[in-house]
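Colleague: Before I ask anything, let me first share the structure, which is written out below as structure tokens.
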Amino acid sequence: MVGDAEVRDTGASFEAILAGETARTRRRWLLVVVLALAAVASLVVDLTSGPSGLPFESVLRALTGQEVDRGTAVIVWQVRLPVALMALLVGAALSLAGAEMQTVLENPLAEPFTLGVSASAALGAGVALVLGLSLPGLPPVWAVSANAFVFAMGALGLLQLASRLRGGGTEVVILLGIAVNFTAGALLALVQFVASPDALQQLVFWTMGSLAGARWDGIVLLAALLAVCLPFSLRASWRLTALRLGADQARAFGFDVAGLRRMALLRISVLAAAAVSLVGVIGFVGLAGPHIARLAVGEDHRFLLPASVFTGAVLMSLASVASKLLVPGILLPVGIVTSLVGLPIFVALILRRGV
Amino acid sequence: MDLRAEGLSVRRNGAAVIAALDLPPIPAGELTVLAGPNAAGKSTLLLALAQMIPATGRVTLEGADLARMGRADRARLIGMMPQQIGGAGGLSVLDSLLAALHAGGGLAGRALPGPEASRHALETLARFGIAGLAPRPLSALSGGQRQLVGLAQAIVRDPRLLLLDEPTSALDLARQFQLLNEVRALAREGRIVIAVLHDLTLAAHWADRILLLSDGRLAAAGTPDDVLTPETLARVYGIDARVERCSRGRINVMVDGLSA
């Protein structure tokens, strides 16, 4: 038989190989569970850290509905919990979007941030904050987020269009994304140039990304979008794994590669645009999250997608903690923290070339 | 029990790659080799037969029009091995087979639960003697190993029609022999198998019939004896060739030079 030597070399019997594979599958599920627990743990750390120095027990008492003084209840329920939950959800959404984007665009450096989604959202926010232009009929509190969402969706719509063009390969989509990124950046600079000092300050703060403005309705919205998108992502996990073998190979397996790309880009659009529009520009979570997940569980998207959700949540949660603790007494914009952490990872990935 | 193609045409970038091609019925149980010079349209023909690129004309598999069939039904019937076997990142050989199985709709259209799927995938690898490669990352395989894995990916769903694009191009002499032996066995089990081969001596040895393609048209079709003649080879390839039998009766194609 062909290649008998390989079987002999490993010295393993058929049943032993099968048992090894079963064990490997179990180990990968276990890792996903561990990552989920890590996300819960980082949420707890996030809840118990902050300038007011509440002891862990009071936070726990407040959360479990036991009697605490009014000040503690307000801090926990209206300050810390929204921020902590928003961090978790934004991290999860961006990381899931990044994981799918890297697969469907067949590029390890693809993520919403590098392909101009965040820059477009920032431009949308700028238009609202500086020029006062926003969608009619919305409460003022939503004006900035709604604008950011519309602009981010517009950027992703352009990418969708590029992927549908005849002969529009993944390279075309990526080049267009980079072009969108720089164009939105230039337009944002223009908006900043004409801005009043007051509006400029708000805009600059927005582009740094902040969890401080987290609201319950935003949290519910993002959680709902994630709950809608995730099952579709998981349903596509085998086809996404197949796409890791290259588009030609995936086509040979008989499924609609273009359709898979289209639907994945739609999910990416909704998640990334919603996340960025709610908290501002958050870089590198969509890049680092999936790559850490890949290091942990490998390329099989049955594991990679849920693992990415949790690694993103952990990263963002820890960034939220760091933003409170790095400079005592000052709450740093969380976008700065994620970029500072993400940048070394980004460079390491480029240098490794193994991805 | 055959594959038929009538009036098949494919255009790419405005030029006809395959023009109004009629193929003789390709029966199950036989190994059909598709040969022809570079850019004759061999790969394109395979993709068009599988309905994986836009094509006009009629392709029927056992009487059913493939173009009118749903994508899932086609995926159940057709297995394809492309020329380049991809393997980015750390996906293991077994994972790639599972992806081929599940992404293509399961075993002959039937979804398999996890442990059963792993066993079936491993059995498919064992058929080619490469079960030991199962846990290895694809990126760590040699070109030849990758080709064997590619063939395993193509048959893991147990398709009726098997289309193989240069399955032996990266294999050494022994493995060419072994792989083609296995491919012919896959045909003998009742499948329709079409394989693109460049080596005409290899084709003469293994093919039950040869389709010789030139400029998107059928230049010759029939048994190796019928197709491999000095006149046909001069016409299609532009070479001076001798077709001789060795002492054991096998056909050898020897090239003496370019025809004047």
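Placement of Cβ uses the backbone N, Cα and C atoms for every residue, glycine included.
Because TrEMBL annotations are produced automatically, they should be read as predictions rather than curated entries.
Quick paste of what TrEMBL says about this protein:
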- A:29-48: transmembrane segment (TRANSMEM)
- A:81-101: transmembrane segment (TRANSMEM)
- A:113-135: transmembrane segment (TRANSMEM)
- A:141-161: transmembrane segment (TRANSMEM)
- A:173-195: transmembrane segment (TRANSMEM)
- A:215-234: transmembrane segment (TRANSMEM)
- A:270-291: transmembrane segment (TRANSMEM)
- A:303-323: transmembrane segment (TRANSMEM)
- A:330-351: transmembrane segment (TRANSMEM)
Colleague: Against the transmembrane segment (A:81-101), which of these stretches has the most C-beta pairs under 8 Å: A:29-48, A:113-135, A:173-195, A:215-234?
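Modeller: Maximum Cβ contact count belongs to A:215-234.
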Colleague: To the transmembrane segment (A:173-195), which of A:29-48, A:113-135, A:215-234, A:270-291, A:303-323 is linked by the most Cβ pairs under 8 Å?
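Modeller: Looking at each of A:29-48, A:113-135, A:215-234, A:270-291, A:303-323 in turn, the most contacts to the transmembrane segment (A:173-195) are made by A:113-135.
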Colleague: If you count every Cβ pair below 8 Å, which range out of A:29-48, A:113-135, A:215-234, A:303-323 shares the most with the transmembrane segment (A:270-291)?
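Modeller: That would be A:113-135.
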Colleague: Quickly jot the same-chain residues contacting the transmembrane segment (A:215-234) by Cβ under 8 Å, restricted to those at least six beyond its ends, or write none.
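Modeller: For the transmembrane segment (A:215-234), the nonlocal Cβ contacts are 82, 85-86, 89-90, 92-93, 96, 100, 141, 145, 240, 263-264, 267, 270-271, 274-275, 278, 302, 305-306, 309.
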